[in-house]
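Student: From TrEMBL, for reference:
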- 63-522: domain 'Amino acid permease/ SLC12A' (DOMAIN)
- 66-85: transmembrane segment (TRANSMEM)
- 91-108: transmembrane segment (TRANSMEM)
- 115-133: transmembrane segment (TRANSMEM)
- 145-167: transmembrane segment (TRANSMEM)
- 174-195: transmembrane segment (TRANSMEM)
- 201-221: transmembrane segment (TRANSMEM)
- 291-310: transmembrane segment (TRANSMEM)
- 345-369: transmembrane segment (TRANSMEM)
- 390-408: transmembrane segment (TRANSMEM)
- 420-441: transmembrane segment (TRANSMEM)
- 462-486: transmembrane segment (TRANSMEM)
- 498-519: transmembrane segment (TRANSMEM)
Amino acid sequence: MSTYPQAPREPPVAYHNNGVVHDYEKNPMYEKDESPMGSGHNGEYDVQTGETAALHRSLKSRHMQMIAIGGAIGAGLFVGSGSALQNGGPASLVLSFIIVGFFLLLTMQALAELAVLYPVNGAFFIYICRFIEKSWGFACGWDYAISWLTVLPFEITAAGITIGFWPAGANVNIGVWITVFLVALSAIQIFGVRGYGEVEFVLSVIKILACTGFIILGIIIDCGGVKSDPRGYIGTEYWRAPYAAFRNGFPGFCSNFVNAAFAFGGTELVGLAAAEAANPLKAIPTATKQVFWRITFFYIVNLLLIGLIVPANSDALLGASGANTKASPFVLAIETAGIKGLPSVFNVVITISVISVANSCTFGSTRTIQALAGQGMAPKFLAYVDKHGRPLYCVILQIAFGFLAFANEATTNGGVFFNWLLSLSGLAYFFIWGSICLAHIRFRAGWKAQGRTLDEIPYRAPFGVAGSIVGCILACLCLMATFYTALYPIGGSPDASAFFQSYLTALVILVLYVGWKIYTRDATFFIRAKDMDLNTGLRTNLAELQEERQRLNVDRGWKSMPMRMVRAIA
């Protein structure tokens, strides 16, 4: 049974949902926003609550903007890009990241439209349930939660490995560092969503500065401006023979999509945070619009420079995964140029990045599981939110999974265990992003079928339904490319263990989907457009927001284009 208030066009009235009549004014789960940022908006930021209290709307615009990029910049970029460079070469590296980045941009725009119109707890998981089908929403929601639950021990371990970059840190048992990072993450959770937002803001600023600094340094190295670098001017030497722009041909190109998805993973957290944003109408579109520029600047430009100054056939790139900073192409580029001291500085940045992703793990999994419980798709006690806005039992569950990091203490089979643990999150992003695009397509169909107009939507995805259709196509192509490389790995023959480690997520989602179908005895395979629930959780002041959107769109001519471009970036 839904506990969201209806957002009627007329004065508040009762609405019917799943055979139960709720009163808009008397619904005990409905709470007005009394925060300074939310006052005076007539409940437009109301969200679903837990069993006894509501998730607090404490994330400001600056937090949302940093979440959009902070969850994305991590070891996947700084270290994982090394294996992508070695497998596919510099051209494949850049091209695969451009394709996945464009896919993510389409997804984020679709998610922004839904999140502004329905700023509800659970975000895309709720949208998938409502606009596609409940069993698929259950499968995607739990797959997303499981991926974050299993990534946390990996990230904590990775943070400990980065400390081993220095001889003094390498002499300390990794279990000590795992304990330190677990305690730090637990302390952050004490301060709730505001603590998460503030920590992510600070760590993201550091990462952004590091990426910007590396771009400047990379240009200098490529142009031969570093005296200690014996190579002098490099230019595009590593893109030509005897090197190769495309290594290992088509298989090398296909192998990079999962690396790119893992590097970009976490950007969608801005949609998950919609229920805890103080002003979703302003914060969410601003954060998602910046995704394009940030993908271009912090990913594509950095990786283009990496391909110019680091040879793809370098033996030092072997083992470029996790947080093996000694194999990081960024650290390798600095060391090859003979710059002293700076590799250690960049290792600090990588350590911070890993901690940032671990921080995002706790947010992503806990909010998703709390929303699943609120919909009756997880044990009821997990829906509990304390008076400080913390999904307490979900946080405890996530921290408990963090203790799996101590499996590294096992002298045998510890690495095998972690490989299988990470396989649970390998393809999750393709399924989630593709489902978000499909939910947007189905939402627009339902919106039209029920006699509503596009003018009623406060924020519309710039690429519209066409963009989401392209997103679904890209999701399918990425899954096909990954299936191909899982079946025929580079430099090897088909192997059942390697295949399932690469494609286990697909099997998990299928089991979750079929299992929920059997458990609920639900024979519905999709929700018809005319039967979609478009009222539950809808904003209560659409007329006011329409006027605001029209005011902002008064001057859309060529004269205002420069300022509009600036606003899109900033």
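Including glycine, each Cβ sits where the backbone N, Cα and C put it.
No curator has checked TrEMBL annotations; they are predicted automatically.
Structural setting of the listed features?
Tutor: Residues 50, 55, 148-150, 152-154, 156-157, 160, 174-175, 178, 182, 185-186, 189, 192-193, 361-362, 365-367, 369-370, 373, 381-384, 414, 417-418, 421 of the same chain, all 6+ positions outside the transmembrane segment (390-408), place their C-beta atoms under 8 angstroms from a C-beta of that stretch.
A Cβ distance under 8 Å defines the sequence-distant neighbours of the transmembrane segment (462-486), meaning residues of its chain 6+ beyond its ends; these are 99-100, 102-103, 106-107, 109-110, 251, 253-255, 257-258, 261, 426-427, 430-431, 433-434, 436-438, 440-441, 444, 498-499, 502-503, 506.
Same-chain residues lying 6 or more positions outside the transmembrane segment (498-519) and placing a CB less than 8 Å from one of its CB atoms are 134-136, 138-140, 142-143, 146-147, 258, 377, 419-420, 423-428, 431, 479, 482-483, 485-487, 489, 492.
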Student: Applying the under-8 angstroms CB criterion, which one of 145-167, 201-221, 420-441 scores highest with the transmembrane segment (115-133)?
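Tutor: The stretch I would name here is 420-441.
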Student: Considering pairs 6 or more residues apart, do the transmembrane segment (291-310) and the transmembrane segment (420-441) have at least three CB pairs under 8 Å?
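Tutor: Not in contact, no.
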Student: Assess whether the transmembrane segment (174-195) lies in contact with the transmembrane segment (145-167), where contact requires at least three Cβ pairs under 8 Å among residues 6 or more apart in sequence.
Tutor: yes
Student: Looking at 91-108, 201-221, 420-441, which one has the highest count of Cβ pairs under 8 angstroms to the transmembrane segment (145-167)?
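Tutor: It is 420-441, which has the most Cβ pairs under 8 Å.
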